Amino acid sequence: MNLLRIDSSPNQAGSISRELTDLLQEKLESQGHKLTGKRDLYYDDLITLGDQDRYSAYFTPSEDLTDNQRKEIVGSNELAIEFAAADAYIVGVPMYNFTVPAALKTYIDLIARLGITFHYTPEGPVGLLKNKKVFVIISTGGTPIGSEVDFVSPYLKTFFGFIGITDVTFIAADVTNQSREASIEKGTTAIEAL
Ligand SMILES: Cc1cc2nc3c(=O)[nH]c(=O)nc-3n(C[C@H](O)[C@H](O)[C@H](O)COP(=O)(O)O)c2cc1C
């Protein structure tokens with residue numbers, strides 16, 4: 001399986017989510033999966049949805065795009081096509097203010113693309129990605145994953161379902177403020193059991 005790894009912690013020294021995405025990558029590679037792409041969302045100079053031409057290009061059929069809209073949509077095309085081409089994903093997510101870091105939300109806005117990751121039918125939107133698997137590693141300081149203020153796991157489950165991915169495994173290294181070691185151990189045990 002082709003594996004895409006996505007890290008969304010801006011912390012590169014001592015990040016808990018990165019320690020566990022490293023471990024999971026190692027584990028999946030040892031099972032024969034191949035890392036084919038890597039995105040480090042706070043270091044990749046992600047574009048945003050704006051400006052006006054980039055935004056409007058989202059809603060314009062490709063044959064009607066102006067030259068500038070065509071240029072502006074390239075970055076989003078690249079990310080969405082790369083995402084759609086992978087078979088499995090490792091996503092590292094620190095909880096920020098009860099939800100995902102802004103860079104991950106931006107990435108999601110860029111890969112949710114009509115005709116690439118979802119389309120509309122008379123019954124409503126349908127995800128275009130099939131037979132994919134996502135592993136989401138979530139680290140938190142004080143908020144337990146699964147608690148009523150955890151807006152990371154329900155949000156990501158909904159988003160991945162929206163684009164057709166229903167096989168989502170959450171690995172929690174949560175409540176690290178109580179014991180960093182115990183939280184890492186919890187995440188490590190879950191990864192080793194995969
Ligand atoms: C801006 C910011 C917001 C945070 N918000 C929360 C939060 O809402 N709930 C929580 O439990 N921890 C919160 N934390 C703590 C991080 O989720 C925690 O330190 C996590 O382990 C960071 O992951 P990392 O080590 O991979 O960067 C926040 C940290 C930062 C920097």
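Including glycine, each Cβ sits where the backbone N, Cα and C put it.
All annotation found in TrEMBL is predicted automatically rather than curated by experts.
Now, the feature entries from TrEMBL:
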- 1-192: domain 'Flavodoxin-like fold' (DOMAIN)
- Ser9, Ser15, Ile16, Ser17, Met95, Tyr96, Asn97, Phe98, Ser139, Thr140, Gly141, Gly142: FMN binding site (BINDING)
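It is Asn97, among the binding-site residues Ser9, Asn97, Ser139, whose Cβ has the fewest other Cβ atoms within 10 Å in the structure shown. Taking the binding-site residues Ile16, Met95, Gly141 in turn, the residue surrounded by the fewest other Cβ atoms inside 10 Å of its Cβ turns out to be Gly141. DSSP gives Met95 (FMN binding site) a coil state; it is part of no helix or strand. In this model, the domain 'Flavodoxin-like fold' (1-192) carries an average pLDDT of 96.
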